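These features come from TrEMBL:
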type    : residues              : note
BINDING : ALA88, GLU108, GLU155 : Mg(2+) 1 binding site
BINDING : GLU104                : Mg(2+) 2 binding site
MOTIF   : 89-111                : motif 'Nudix box'
Amino acid sequence: MDTHITELNILPLGESKYLKPFKMEFKQNGKLRDWDCVKAFNSVSILLYHVEKDAFLFVKQFRPAVWYSQEKENIKSKEQGFTYELCAGIMDKSKTEEQTIREECIEEVGYDIKDVFRITMCYSALGFGGATQTMFYAQIDESMKISDGGGIDDESIELVFISRDKIDEFLYDESKVKGFGMLFAISWWKDKINKGLK
């Protein structure tokens with residue numbers, strides 16, 4: 001994947017299909033307060049474990065907000081702005097959470113997953129957002145592969161397999177940008193699933 005970004009501009013947000021900023025005014029403990037908030041879509045994510053490869057499947061993609069954050073902090077790397085994530089998507093259609101994550105698996109990684117297990121739901125961006133993310137787990141193998149994945153429209157997604165015996169090294173490698181969701185998912189997997197594997 002080409003990690004070189006060119007012709008980048010920073011512009012005012014204006015109208016957005018995905019984010020709606022607003023100010024909330026309220027009284028708490030007898031005092032008037034206000035808070036800046038952002039309304040965003042709820043989302044779903046999934047931890048994928050490939051049983052034949054004995055590896056986890058993640059997606060790698062460019063996240064402009066991460067690039068900007070790293071640029072402000074003068075954090076330079078060959079992969080500036082690129083992140084390693086669980087396969088995920090927003091709930092922007094009239095579909096259930098499970099239907100949405102199944103569709104995302106096909107689009108992003110090219111696997112038509114079979115059995116899906118719901119792990120839990122949590123809230124994100126608590127200080128200003130509060131959208132929910134529901135996390136799932138599924139085991140995959142090559143019989144489920146129906147395409148190369150890579151995303152749709154202007155998405156540019158790379159598939160990344162991390163072997164089970166390298167997962168701790170990967171999680172603690174700060175040069176590989178990842179979110180808390182992945183760390184929680186692997187922690188859950190170790191507690192609930194790994195005990196049954198040799």
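Every residue gets a Cβ built from N, Cα and C, even glycine.
Automatic prediction, not curation, is the source of TrEMBL annotations.
DSSP assigns GLU104 (Mg(2+) 2 binding site) to a helix in the three-state reduction. The secondary structure of ALA88 (Mg(2+) 1 binding site), as reduced to three states from DSSP, is extended strand. Counting every protein chain shown, the Cβ of the residue listed as 'Mg(2+) 2 binding site' has 25 other Cβ atoms within 10 Å.
Of the listed binding-site residues, namely GLU108, GLU155, the sparsest Cβ surroundings within 10 Å are found at GLU155. In the three-state DSSP reading, GLU155 (Mg(2+) 1 binding site) counts as coil. Cα to Cα, GLU155 (Mg(2+) 1 binding site) and the residue listed as 'Mg(2+) 2 binding site' are separated by 12 Å. What surrounds the Mg(2+) 1 site, by Cβ distance within 8 Å of the Cβ centroid and not counting ALA88, GLU108, GLU155, is the set VAL59, GLN61, GLU85, CYS87, GLY89, GLU104, GLU107, VAL109, GLY151, ILE157 from the same chain.
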